[in-house]
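Q: The following block contains the structure, expressed as structure tokens.
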Amino acid sequence: MEHTYQYSWIIPFVPLPVPMLIGVGLLLFPTATKNLRRMWAFPSILLLSIVMIFSVDLAIHQIHSSCIYQYVWSWTINNDFSLEFGHFIDPLTSIMSVLITTVGILVLIYSDNYMSHDQGYLRFFAYMTFFNTSMLGLVTSSNLIQIYIFWELVGMCSYLLIGFWSTRPIAASACQKAFVTNRVGDFGLLLGILGLYWITGSFEFRDLFEIFNNLIYNNEVNLLFVTLCAFLLFAGTVAKSAQFPLHVWLPDAMEGPTPISALIHAATMVAAGIFLVARLLPLFIVIPYIMNLISLIGIITVLLGATLALAQKDIKRSLAYS
């Protein structure tokens, strides 16, 4: 069982060979790669299926034991600062991994036939697989720096996928709108992460939560500054999950291919924001008013989305507001 957790760091990297090989193939052997383009769906689905099986196994172990596992590699740059990378396995990670891989596999299977006549078939599968890799890296991250790196990779992939048919002006405009809107939230997320590091001196979730709770309990930190940092962290979630008032990018994101629309809604882009709130919940619940703010934003988004959906004539845009 220990080995299962120890080697779970490989989860995000299992699907990665597909986009890398497609990129190298298109660069060095473009004709041969394009002639064999339909074969790339199989390794994409196969590798993601392997990750799904591994994720289900982890989820079963989590159900029986409910243990939390963290593995960290430390890289000491100098005596004052060290960079740490690792993976963090808990019930939330297991649930999200199963969700991402299950929906990802179904979307890839559907995409094989849906995109079969499109000239960008290979590019599509490269983007899709890298999108899944980024999301898996996000949910297995053990610290806020890793979260932010994979958070930005998810944003980059969504930009490429929404603007997949970039020759259409409306699609090009939609991907730019999504990119700019999400950068607003991402800037807030970055400031919030730096603020938390300034307060606690740690990026690791376990250390961060423990230090933060002690500081709040002993009243050793400025409550206004802490609330501001928590609000900035939540701003990243507001943008990624298309919550009010940064919801404006999501309906236009339907200009991408239909499988992209399904993936953004069902398992990845929007769910990333929900995951971040769930991951940082031990931090949010000790700060007054933040949970009330999160609830208020959620209620406004639900009511606004339901109202705007009634006026839509395109089914994809109507589903986007749902």
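Glycine is no exception: its Cβ is also placed from the backbone N, Cα and C atoms.
TrEMBL lists these features:
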type     : residues : note
TRANSMEM : 6-29     : transmembrane segment
TRANSMEM : 41-63    : transmembrane segment
DOMAIN   : 75-125   : domain 'NADH-Ubiquinone oxidoreductase (complex I) chain 5 N-terminal'
TRANSMEM : 88-109   : transmembrane segment
TRANSMEM : 121-139  : transmembrane segment
DOMAIN   : 141-322  : domain 'NADH:quinone oxidoreductase/Mrp antiporter transmembrane'
TRANSMEM : 145-164  : transmembrane segment
TRANSMEM : 184-201  : transmembrane segment
TRANSMEM : 221-239  : transmembrane segment
TRANSMEM : 260-281  : transmembrane segment
TRANSMEM : 287-311  : transmembrane segment
Q: Could you give the number of helix, strand and coil residues in the domain 'NADH-Ubiquinone oxidoreductase (complex I) chain 5 N-terminal' (75-125) as assigned by DSSP?
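A: Across the domain 'NADH-Ubiquinone oxidoreductase (complex I) chain 5 N-terminal' (75-125), DSSP assigns the residues as follows: 29 helix, 13 strand, 9 coil.
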Q: Which range wins on Cβ pairs under 8 Å with the transmembrane segment (41-63): 88-109, 221-239, 260-281, 287-311?
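A: Between the candidates 88-109, 221-239, 260-281, 287-311, the best contact partner of the transmembrane segment (41-63) is 88-109.
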Q: Can you see whether the transmembrane segment (121-139) and the transmembrane segment (287-311) are touching - at least 3 CB pairs under 8 angstroms, only pairs 6 or more apart in sequence?
A: no
Q: Report the listed stretch (6-29, 88-109, 145-164, 184-201, 287-311) having the maximum count of Cβ pairs within less than 8 Å of the transmembrane segment (260-281).
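A: By the under-8 Å Cβ criterion, the transmembrane segment (260-281) pairs most with 88-109.
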Q: When you scan the chain for residues with a C-beta under 8 Å from the transmembrane segment (145-164), skipping those not six or more beyond its ends, what do you find?
A: 12, 83, 85-86, 120, 123-124, 127-128, 130-131, 134-135, 137-138, 171-172, 174-176, 178-179, 182-183, 186, 189-190, 193, 203, 236, 240, 252-253, 255-257, 260, 263-264, 268-269, 272, 276, 279
Q: Averaged over the domain 'NADH-Ubiquinone oxidoreductase (complex I) chain 5 N-terminal' (75-125), what pLDDT does the predicted model reach?
A: 85
Q: For the transmembrane segment (6-29), give me same-chain residues lying six or more residues beyond its boundaries with a C-beta closer than 8 angstroms to one of its C-beta atoms, as numbers and ranges.
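A: That would be 40, 43-44, 47-48, 50-51, 54-55, 58, 69, 71, 86-87, 89, 97, 122-123, 125-127, 129-130, 132-134, 136-137, 140, 150.
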